[in-house]
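Accompanying notes for the structure given below.
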Amino acid sequence: MSELLQFLVSGVTVGAIYAAVALGFTMIYNASGVVNFAQGEFVVIGGLTAAFLIAMGVPVFLAAVLAVVAGTVVGILLYRLAIRPAREAPLVSLIIITIGASIFLRGAMQMVFDKQIHRYDGFSGETPLRFAGATILPQSLWIIFGSFAVFVFLAWFMSRTRAGRGIRATASNRLAAALVGINTRWAMNLSFALSAAVGALAGVLSTPVTFTSYDVGVLIALKGFSATMLGGVGSPQGALVGGLLIGLIESLTAGYISSDYKDAAAFIVILVVLFVRPEGLFGKKLTERV
Amino acid sequence: MTKTKLIAAGVSALALSVASPALAQIKIGASLAVTGPAAFLGDPEAKTLEMLVEEINAQGGINGEEVELVLYDDGADPNKARTFATRLIEEDEVVAVIGGTSTGATMAMVPLFEDYEIPFISLAGAVVIIEPTKEYVFKTPHTDRMACRKIFEDITARGLSKVGLISGTGGFGKSMREQCMSVAEESGVEIVADETYGPNDADMTPQLTNIAGTDGIEAIVNPGFGQGPAVVTRNYDQLGIEVPFYQSHGVASDSFIELAGDAAEGVRLPATPLLIPDQLAEDDPQREPVQSYIAAYEEQYGESPSTFGGYAYDAFHLLVDAIERAGSSDPQAIRDALEETEGHAGVTGVYTFGPDDHLGLDLSSFRMLEIQDGGWVPVEQ
């Protein structure tokens, strides 16, 4: 029983990290239809910036805020310098631009920071909490709470605020959105900023548990993207459920079957779901009118 | 070719002939992964070689001949390594080669050195490099098999035998896991649990929960590299597991203690004496090389040397020693002298080569260390 609980705790912790990354993907996709492959780099920028500031003696919470700001700024620059100049290009080109941006950011981080692995202490200490035979790090609670908070905020923002509806309108038809008076450029800007902020926050929260270095972004993005696909592209609920599901499948497979198969198990479930529901668990069926 | 280019070529050729010194030269080649994924290994190796060549020339060279180092950066790419090996042999006409930071690059170069009969000292870890013994190929780092043996030796010395493995799935962890499985029986231990994790996994508590729940488990060994072992160590601490915990020589550096924090207390691992320069006995043959290497490296580069730089230090000094004893810089004579090396104290261990032993280290060169109060303490045996 305590074993199962430990597996669940592990799965939810890891799943919450995937979910946070997936929420970042969702944000940009919702605004532009672009899958941003530099999303993992936002996570690393958040983690590394926080690690360096804390090492320099900046108080933890100030460092966390500054790291999220740094991520946001990079997100805005990415949009202004790389995506906007190519806005007339087809979607595929924009996606390829984000791949280029991720390679560029990785190189830049090597120069700005270094090639070492970094971490800092958890926000509420390092003493694990014990309950019913299982243990959880206080930082894991921060991660889980953080992901839920981001989800609640994004879900509210996208459906209940003018700016959020503007972003969605921009995504579904940029010309029509502009015609009804939505500042589409501003909407895109906002979505990149928000998505980078979400990514950087994920990095800030997870680094005490997972560690970070300049080159881990690719793998983080891969897992986050899988969670996005499983949950349904563009749906915040989907991102959350998809992330948690993948985390749980991995930890339960590692716990009850074999750790050799945990990645395979997650991908098999994703494949099966996509066969049955190509739009993902929470995705909307798209119908193109011709 | 235009006229100006011709002139330029002529001038540079002239410059080259003017630059060649009156002293006879010993040319030593090297192909290392100075950049790329293995840069954290290759970079200190290259720095070490450059420092040592400078040092030896300041002292008048080997047998009165100046040493020239021809260094290429193969980025741990076997194809590049092979190209550079050809260039070192045919164009640079070196008398011996150090390098191959990674096993892949090393194995790509081996056939060339065997064909052209040039002595080659590899800085990579795997057993395949020297097993079976190849006439012209030597290596300085310990093998992962020796690390497994050393760990198992310590486990049995504590009266324990049932071991759980949790290995990274990267190259290092995978290879060491296989070696540990293969030497377990002869070392008197039984592998009762065998778990793995991916190089970037965030949480290994499910695997560790299973290992801790295995009947009769008495010790846990974690072959791995990079951040994985630090995460495993933290998870081990988080779960409050009591059985002794062993890491590998792959994380034998101060940064591991930094990353794992208090969770690292009590963790044991096999390492080279480079980590404990001040705790070596006065009569320890490795005390002198270890301390002088650390002092020289810190003065030159302002940072502590790594275990990997130590491999290059040993390779270079083995080569110098062989050339001095041979009294010649003929490749064949160097190879023969290398094979006769006996009791050469380096920073990694004390080397004694033989016709069937081109590694030349035994288990005693590995020190079993325990992390106590955030520092390294040798385990009394």
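From the backbone N, Cα and C atoms, a Cβ is placed for every residue, glycine too.
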Segment assigned the feature transmembrane segment in TrEMBL (from A:217-237, A:238-258) | A:238-258
May I ask whether the transmembrane segment (A:91-113) has at least three C-beta pairs under 8 Å with the transmembrane segment (A:7-29), counting pairs 6 or more apart in sequence?
-> no
Of the listed stretches A:49-79, A:91-113, A:133-158, A:186-205, the one with the highest count of C-beta pairs below 8 angstroms to the transmembrane segment (A:238-258) is A:133-158
Relative to the transmembrane segment (A:133-158), the stretch among A:49-79, A:91-113, A:186-205 with the most Cβ pairs under 8 Å is A:186-205
